[in-house]
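What TrEMBL says about this protein:
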- 42-61: DNA-binding region (DNA_BIND)
- 1-11: compositional bias 'Basic and acidic residues' (COMPBIAS)
- 19-79: domain 'HTH tetR-type' (DOMAIN)
- 1-21: region 'Disordered' (REGION)
Amino acid sequence: MEKTLVEDKPPGLRSRQKTQRRDAILTTAKRLFEQNGIENTTMAAIAADVGVSTPTVFNYFGTRDELLLAIILDGHVRAVESNRRIPMRSGKGLAADLTDLLTRFTKYSMEIFNKPVWRYADSAAIRQPKSEFVQRYAQIDEVLREEIENVLRDQPSETRRGGGFDTAALAAIIYNHWNAHYIAFIKDDDMSMEAHLGALSPQIRELLSLVFADEHPDA
């Protein structure tokens, strides 16, 4: 029986190649999703652009929504890592620090995807409330609320009623308020980042002035 000499690739190289192929698929999918819209972008089109077979794309990501989620989660991880390199408190006051944080939330989101793709992602979450997509998508909300909590936890001021406050409850209120503004922002293609933040920031300052004695809405 003849021996076939096959030179196995080192596991490290094989792993790097898989990672590079995955990254190429994600990068191409992001570009095509934004250019053509998700519903007009097939897995076959992504495969052709990357230079791999369609089954290869399906092996990495079972559905188009899984591919979409992977891009969102990867972008979210990078955004959180970037955010955590920034000091939580700047010395400018709680309202300024929280406004800066919420501004970064919106800007990071726009770096991950444009408004039409985010609208599709949100509608997918509504259409499939019990899917794994929704469960993993919801984890982003939890992490962002924790980022707000981290800022609030470092707040030394007493509340207007005296004593401490429930950081988790206040973080949820602030996050939900930002999210309502963010949804309005992604629904309106003509709304600028400046208009979005111009509406959000005064309301956050007003909210905090109702909670903390040393926070003033016009500060």
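Just so it is clear, glycine is given a Cβ too, placed from its N, Cα and C backbone atoms.
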Remote residues contacting the DNA-binding region (42-61) - C-beta distance under 8 A, at least 6 residues beyond either end: 21-22, 24-25, 28-29, 32, 36, 67, 70
Composition by DSSP (helix, strand, coil) of residues within the DNA-binding region (42-61): 15 helix, 0 strand, 5 coil
Confidence summary (mean pLDDT) of the DNA-binding region (42-61): 96
